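First the structure, in the form of structure tokens, and then the observations on it.
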Amino acid sequence: MKLSLATVSIAGDLRQKLEAIAAAGLDGVEIFEQDLIASDVSPREIGRMVRDSGLEITLFQPFRDFEGLPEPLRSRAFARAEHKFDLMGELGCDLMLVCSNLHPAARGGVDRSAADLRELGERAASRGLRVGYEALAWGRYVNDHRDAWEIVRRADHPALGLVLDSFHTLARGIDVDTIRQIPGDRIFYVHLADAPKIDMDLLYLSRHFRCMPLEGEMDVVGFTRAVLATGYDHVFSPEIFNDQFRGGVAGVIAHDGLRALKALLDAARRAEPDLPQRLPVMPAPQQVQDVAFLEFAASAEEEPDLGAFLARAGFEHAGRHVSKSVSLWRQGEINILINTENKGHAHLTWVNHGTSVSEIALQVPDASAVQTRARELGADADDATEHGPGELAIPALHSLGGGLLRLLDDGPELRRIWERDFAVQPVSGGAGLTRIDHIGQTMAYDEMLSWSLYYTTLFDAQKSPIVDVIDPGGLVRSQAIRSGGLRLTLNGAENHRTFAGRFIQDSLGASVQHVAFGTDDIFATSAKLAACGFERLRLGANYYADLKTRFGLPEDLFARLEAESILYDEEEGGSFFQLFSKPRRDGLFFEIVQRDGNHAGYGAANAPYRIAAQRRVSRAQGMPLR
Ligand SMILES: O=C(O)c1ccc(O)c(O)c1
Ligand SMILES: [Mg+2]
């Protein structure tokens, strides 16, 4: 089995694309014709470049508008194909994709198409080449893999096979199990792509919104299982037409491609253990149990200010690291570290991003198995575990954006972290914050899919549909991910005029912008916070005027919400209370939430009003927001 990537999936000129695909560790590359024609490198030289970088060319594509044409178009199509066969000889590629015809003059008819493709197969075979036929979801006569297969079956030529593409099958809602009846050796190639569930013209959806397998909402695992069940064991190749990918960082997207492929094959193997192929073996994805701690990187000068921000939220100083300049702040089950070391990862984070979250530590069932899975999925885990003599070696991984994920478990070593690495003193109850409810990470919108892929492939996690949040400066898209006790909200900012976008610009890259803490009694917490000097974000009167009529809240409850600037939301599962701190000058803020019943949301309906209020505060503090 070979893992490949189509050049159309990433940004750059052909040379840059090949470098990125090779560096990501894929086995092969599929040359999209436009990339070749646009290049000033000769086909022979391209072939050499590919092989020199350790890759092979898995496919040349697409050859369009071929089958079912009347003369003289038919003869011209064959002449065009012969020219492409010459080119493939120079490239050193033996498989060409023919996609189903869109030409207005094309005629239907299974036998006519089968005859044309049979002849093309014969001509290809005479040069030692092969042809694969793919049904485009918007093909004029052929738009279903079952019809494409019937044509290939009737053409009955060894050099002609079928190309399957998860997008075309899944976007049309075709039962993937129909693939299981196709003999595996008649499938010549498999394209993989996912997409969000948006109801729109399929050609437009395909050309702009495809994404890597597992990044969207289609059942690409079911598709892949059906393909594997046929015995197919050749190439799997993401072919992603995506507006963000075209302008993204090629190396990152190529890396995502490999990660998506490996996680996809792993998911298929777990769902269907009897599959005949040798598939990548890695530890199972685990559910996170809890957030064990968060570490902020700061300078010694800035530590008092951050400490005061924590103290105003009810945190108490609870001890220090035995050998490093790291202080521990506690409340309920929550542990927050402030690291002011002048070397190591935290220091680097501070140098690059200023005061910001440098590590997220997660409690998992088996930390070293998570680290192994991450490595198998291409995460860098080697130099991440910094520790002094006599201190615990806590497994860690580099996550995206330069942060570290630290992994703790209940094994005999790691469960001793607080007694071994810290001198801890007891604290009182603070303001009643019990645990970290969720962590809000802000990134550029075009990086958001990479982040969600990272978390959802590493852990046993579910993602919620993306919601649009309107900031007066632009759109921010928000994606919630949950794995057991870990809830994340990824906020993708489209520009730097939004509150989130401004934060990315100021911190020079993606980072944690907010931490939400849970309480069991928002009003008791609110009173205690007031006593601690918590600076709460004030919502406008218009918000409360609307809230009053939105839900039938009792008068006294509503009055308290308004007086204490607590936001409210409701869904079938229960109610949700939110209270925000004013943002710091750097844009970081805290949120306090109470979930009643099974409320699983994040107050998306309130987000635009909260953001507008935050912008007012930040502008008053001198942050240059329009
Ligand atoms: O959008 C297209 O035209 C196109 C071309 C080739 C493919 O393999 C495909 O899936 C789509
Ligand atoms: Mg395709």
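Including glycine, each Cβ sits where the backbone N, Cα and C put it.
Annotated domain 'VOC' per TrEMBL: 290-410 (among others), in sequence order.
Among the features that TrEMBL reports, domain 'VOC' is placed at 435-582 (among others). Taken through DSSP, the domain 'VOC' (435-582) splits into 52 helix, 59 strand, 37 coil.
Around the Cβ of HIS438 (Mg(2+) binding site), a 10 Å sphere holds 21 further Cβ atoms from the protein chains shown. As annotated by TrEMBL, Mg(2+) binding site applies to HIS438, HIS514, GLU591.
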Self-check item: DSSP helix/strand/coil residue counts for the domain 'VOC' (290-410)
Solution: 33 helix, 42 strand, 46 coil
Practice problem: Note down the number of other Cβ atoms within 10 Å of the Cβ of HIS514 (Mg(2+) binding site), including every protein chain shown. | Solution: 22
Exercise. Using all protein chains in view, find how many other C-beta atoms are within 10 Å of the C-beta of GLU591 (Mg(2+) binding site).
Key: 21
Quiz item: So around the Mg(2+) site, HIS438, HIS514, GLU591 aside, which residues have their CB within 8 A of the centroid of those CB atoms?
Solution: ASP437, ILE439, GLY440, THR489, VAL515, ALA516, PHE517, PHE589, PHE590, VAL593, TYR602
